[in-house]
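Here's what TrEMBL has on this protein:
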type     : residues : note
TRANSMEM : 80-99    : transmembrane segment
TRANSMEM : 105-127  : transmembrane segment
TRANSMEM : 148-172  : transmembrane segment
TRANSMEM : 204-223  : transmembrane segment
TRANSMEM : 230-250  : transmembrane segment
TRANSMEM : 270-290  : transmembrane segment
TRANSMEM : 302-328  : transmembrane segment
TRANSMEM : 348-371  : transmembrane segment
TRANSMEM : 459-479  : transmembrane segment
TRANSMEM : 485-506  : transmembrane segment
DOMAIN   : 515-565  : domain 'Cationic amino acid transporter C-terminal'
TRANSMEM : 518-538  : transmembrane segment
TRANSMEM : 544-566  : transmembrane segment
REGION   : 577-597  : region 'Disordered'
COMPBIAS : 577-589  : compositional bias 'Basic and acidic residues'
Amino acid sequence: MGGSSEGGGAVRRRGCSCSKKNFLPEESFKSWGNYARALSETGLRLKNRVLTRSLEITEMTEVKAQSEHEMKKNLSWWDLIWFGIGAVIGAGIFVLTGLEANSVVGPAVVLSYVVSGISAMLSVFCYTEFAVEIPVAGGSFAYLRIELGDFVAFIAAGNILLEYVIGGAAVARSWTSYFATLCNQGSNDFRINVQHQLGESYGLLDPIAVVVCASICVLAVLSTKGSSRFNYISSISHVIIILFIIIAGLTKADTKNYTPFMPFGVRGVFNASAVLFFAYVGFDAVSTLAEETKNPGRDIPIGLIGSMLITTTAYCVLAVTLCLMQPYGNIDQNAAFSVAFEATGMDWAKYIVAAGALEGMTTALLVGAVGQARYLTHIARTHMVPPWFAEVHEKTGTPVNATVTMLVATAIVAFFTSLDILSNLLSISTLFIFMMVALALLVRRYYVSGETAPVHRNILIVCLVTILGSSIATAIYWATSEDGWILYVISVPVWLLTTIALWWFVPQAKKPKVWGVPLVPWLPSASIAINIFLLASIDRASFMRFGIWTALLLLYYFFLGLHASYDTSKELTKKREKDATSRKMEEGVTKVVTEEE
């Protein structure tokens with residue numbers, strides 16, 4: 001728990017160019033000699049970054065100022081609710097429901113949605129308090145910088161960006177599949193098959209997904225308010241189509257299809273929950289809009305919690321409807337709802353389903369594009385990535401450079417990579433980030449540098465380590481032991497008793513000013529445990545890919561990001577000292593003049 005505080009600002013830039021100053025303007029990169037000196041100080045600089053925590057005022061003023069132009073505050077709670085619905089109700093429900101119901105969980109897929117929905121809702125509460133108190137575009141990156149420090153925030157930042165790129169790519173590929181259905185073609189008919197050259201997982205090239213990403217890019221760049229209007233108009237029609245699917249589907253319901261309800265057991269429910277968490281990804285994009293919200297203290301809680309309640313209810317009812325229409329073994333793994341209507345004699349309905357899916361995926365892509373650009377913008381404001389990405393266009397009030405860059409990356413991944421690889425890797429990144437935000441909330445409530453007594457700080461550290469350790473032990477045991485139960489009798493009570501100890505022995509050091517998470521420490525502690533538990537249900541290959549990505553992040557950080565952010569912090573500290581000296585001199589002059597008069 002580092003005691004120092006810092007910011008991440010730098011000198012303002014004018015205009016929009018692509019010179020070296022826009023990408024590597026820091027002192028460490030001005031010459032090869034400077035860079036060699038910086039590398040020799042890597043250990044000291046890393047220690048500084050690990051122990052340093054940013055200030056709220058720094059994130060909201062000095063860091064924010066690096067974009068030069070302000071984002072426009074023109075969003076209300078109504079906009080945020082529809083952004084939330086548009087972000088979440090996308091490919092997950094229309095693609096992964098059939099896949100998991102058919103081969104992993106059966107009719108109990110509704111329970112899987114409940115489990116992942118509870119996990120998502122706990123995370124929503126944690127995000128909401130941060131977004132209200134720290135209304136900046138950085139979302140969880142800014143929250144972690146303030147509570148857990150610069151280094152942890154960077155690792156999370158890399159996974160946030162990965163989450164958005166692969167999430168957008170997965171949705172874009174699903175868009176192609178449902179477009180093919182709408183055109184009465186097979187789901188892969190519009191893809192170019194080169195599997196014999198690139199392999200099964202990367203050999204179905206998807207040019208339509210690239211075109212969709214480019215179109216979304218144009219919308220996201222032009223206007224946030226315009227994107228909001230497009231989103232809620234599309235989302236309203238999407239909700240109407242979902243209501244049609246539920247009502248028309250239930251007219252073909254057969255309760256016999258619900259037997260057996262749980263053919264793959266409890267393990268199947270949790271295994272499916274980890275993958276179906278993909279269906280809830282996107283709500284965190286709403287928190288990045290806090291900087292553009294008129295009244296964050298009121299609008300963000302209503303927007304985030306309201307949209308998540310609506311979404312979870314819709315998912316559960318849709319899952320029940322699908323499993324009542326067909327035996328779980330007959331559910332199609334690629335276009336479940338369309339094929340279900342076709343199998344029950346309602347061929348015409350599959351076109352309505354496809355249209356609804358396309359609308360949902362379009363809005364999910366749009367909200368994802370808006371959110372991911374704002375994450376990258378705020379990360380660039382701290383110089384962990386080049387400050388060129390932080391520039392906000394003067395006329396549109398949108399981060400054009402960040403938006404275009406992220407969507408180009410999304411289009412490239414969507415062009416090559418299959419959905420199964422994307423969905424599992426996405427769930428790992430998302431669950432990891434949500435767990436870190438819950439941990440940061442506990443730190444926020446129970447630790448304030450210079451105010452928390454050392455004994456309380458030490459108890460807090462022990463409690464946090466034990467909560468993490470017991471949650472990890474439970475998850476690993478679940479992943480490695482098919483029928484065991486002994487470790488659960490130890491790990492679960494340890495988690496419970498540790499949370500009680502935190503609640504009883506450590507006084508809260510900071511109370512929320514406007515809106516706060518209820519039932520602290522219970523709610524964030526439960527969020528940590530559930531997110532870690534769901535991680536244990538994801539396949540090993542996805543963890544290997546996650547490890548490779550994290551290793552690449554660390555390489556970038558040690559050779560570039562660390563030194564850029566360190567220099568930026570030093571420059572800002574000098575600027576503060578100079579400003580403080582100037583203020584003192586001005587106050588002295590004022591006092592002398594007053595005495596003379």
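Residue positions begin at 1 at the first shown residue.
Every residue, even glycine, has its Cβ placed from backbone N, Cα and C.
Because TrEMBL annotations are produced automatically, they should be read as predictions rather than curated entries.
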Problem set entry | Two-stretch contact, the transmembrane segment (148-172) and the transmembrane segment (204-223), at least three Cβ pairs under 8 Å | yes
Problem set entry | Recorded stretches the transmembrane segment (302-328) and the transmembrane segment (485-506) touching, at least 3 CB pairs under 8 Å | no
Exercise. Which listed range (105-127, 204-223, 230-250, 270-290, 459-479) shows the maximal number of Cβ pairs under 8 Å with respect to the transmembrane segment (518-538)?
Worked result: 459-479
Exercise. The domain 'Cationic amino acid transporter C-terminal' (515-565): mean pLDDT?
Worked result: 88
For this session: Tally Cβ pairs under 8 Å between the transmembrane segment (270-290) and each listed stretch (80-99, 204-223, 230-250), then give the stretch with the top tally.
Result: 80-99
Problem set entry | Stretch among 80-99, 105-127, 204-223, 459-479, 485-506 sharing the most Cβ pairs under 8 Å with the transmembrane segment (230-250) | 80-99
Problem set entry | Same-chain residues near the transmembrane segment (204-223), Cβ under 8 Å, at least 6 residues beyond its ends | 168-169, 172-173, 175-176, 179, 188, 190-195, 230, 362, 365-366, 369-370, 373, 393, 396-398, 400, 403-404, 407-408, 410-411, 414-416, 418
